[in-house]
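First the structure, in the form of structure tokens, and then the observations on it.
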Amino acid sequence: MSSKKVLAIVLAGGEGKRLMPLTLDRAKPAVPFGGIYRLIDFALSNIVNSGYLRVVVLTQYKSHSLDKHIAQTWRMSSLLGNYVAPVPAQQRMGKHWFRGSADAIAQSLNLIHEEKPDYVVVVGADNIYRMDFSQMLDAHIESGKSCTVAAIRQPIEMSDQFGVIETDSSDPTTIKAFVEKPTVTEGLADDPTSILASMGNYIFTADALVDAVTRDAEDDSSKHDMGGDIVPSFVAQQDAAVYDFIHNDVPGSTDRDRDYWRDVGTLDAFFDAHMDLIAIHPVFNLYNEEWPTYTGNRNVPPAKFVHAGPGGRVGAAVDSIISPGVVVSGAQVATSVVSPGARLNSWSTISEAVIMDGVSVGRHSQIHRAIIDKNVVVPPRTQIGLDPEEDRARGWVVTGSGITVIGKGTVIEP
Ligand code: ADQ
């Protein structure tokens, strides 16, 4: 690992419109994930496991639960100068909040001036993956460029969701072109069905980043976006390198989950990423102790499974993640992720579902292919996810692939 001084910046101000209603009153990086985590825990765990212990988290939109989570979970000992600090929009460049993600950095340049790092690692906060940024830093230093963009192959039909990178075979590490969210019709030479997508993770030589965002802040024609404006400005000067995620080797990874990376920006992707966790041979393995994913320790009792008899049913779960503090009382759970404090009562059936904190499911209810946000009360004999038309008529969100989503705290009419 390089002994250079590194500051990590987590961009955590995204609104997450496409995750509504889960982002109705929380920032996207604070959305719960995987039973006991929040999305930002994956980026922060990668940073800390990479050995970078000075971290600022740039927040803006509905940041209360994010701030609380960071304060409770990620406060590090300041003895060695280590910290994870949430920083709200500073309004240093006029009375607006952050415009784009580059403006968030421009407004917080004082943090870079104070810390005087050699390199700045800038990462998004809403992807699920494991990555060792110290390996990417070694490649950044070796490339001699001022900006390095992490990249992964993605299906060509998803090109309009990503920054798309072009290189040429004579010099495969220099980025020749970078276009933010284009519609691409021609794939890679060796794989026409794929494009090389930016993962939204960057390493900059610190002085070059300061120059670029300072110049960008004064440019009224810019949208002040990292992918849309800052990266292309380095590419235009042939000063950007690509780091292919395929070369990143995180300790304890398996062949199955080594290149796992998922952008969970939509409800369907968010749901599918949960199903990835509970697959029998998980494509993303939470149980890798060599590269742990950290989160808050909540002091709740162990999960309990009750046979609610006589005449009742065995409380059971299979192919599922059941968090501490859950009571499965005579309910049958399959292929689901259940968060702390959920109460699942007799004769109810829950399958292919994401059940968040404190949800209670009354007797004889059925839940299938659904995401139920925190503290929702499901009364007895309720059906969720069985009839999309009926679910929509009740005011619930139903996604394109038929996942029903019920927002935080909804008390469903019996
Ligand atoms: P998007 O995720 O669509 O694409 P963006 O909405 O800017 O880009 O979000 C990137 C990260 O920045 C997220 O973590 C978000 O929360 C945060 N963010 C956005 N605006 C912010 C602001 N004003 N202040 C602080 N944080 C902010 C990006 C890249 C693409 C790349 C995909 C990969 O732009 O090139 O392909 O990520 O998912």
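Backbone N, Cα and C define each Cβ position, glycine as well.
Values in this document were obtained by computation on a predicted structure and should not be read as measured data.
Marked as alpha-D-glucose 1-phosphate binding site by TrEMBL: G163, E180, K181, S198. Under the three-state DSSP scheme, K181 (alpha-D-glucose 1-phosphate binding site) falls in the coil class.
The domain 'Nucleotidyl transferase' annotation in TrEMBL covers 8-277.
DSSP classifies S198 (alpha-D-glucose 1-phosphate binding site) as strand under the three-state reduction. The record assigns G163, E180, K181, S198 to the alpha-D-glucose 1-phosphate binding site, and the maximum Cα to Cα distance across that set is 10 Å.
S198 (alpha-D-glucose 1-phosphate binding site) is surrounded by 24 other CB atoms, counting those within 10 A of its CB over all protein chains shown. Take the binding-site residues G163, E180, K181: by the count of other Cβ atoms within 10 Å of each Cβ, the lowest one is K181.
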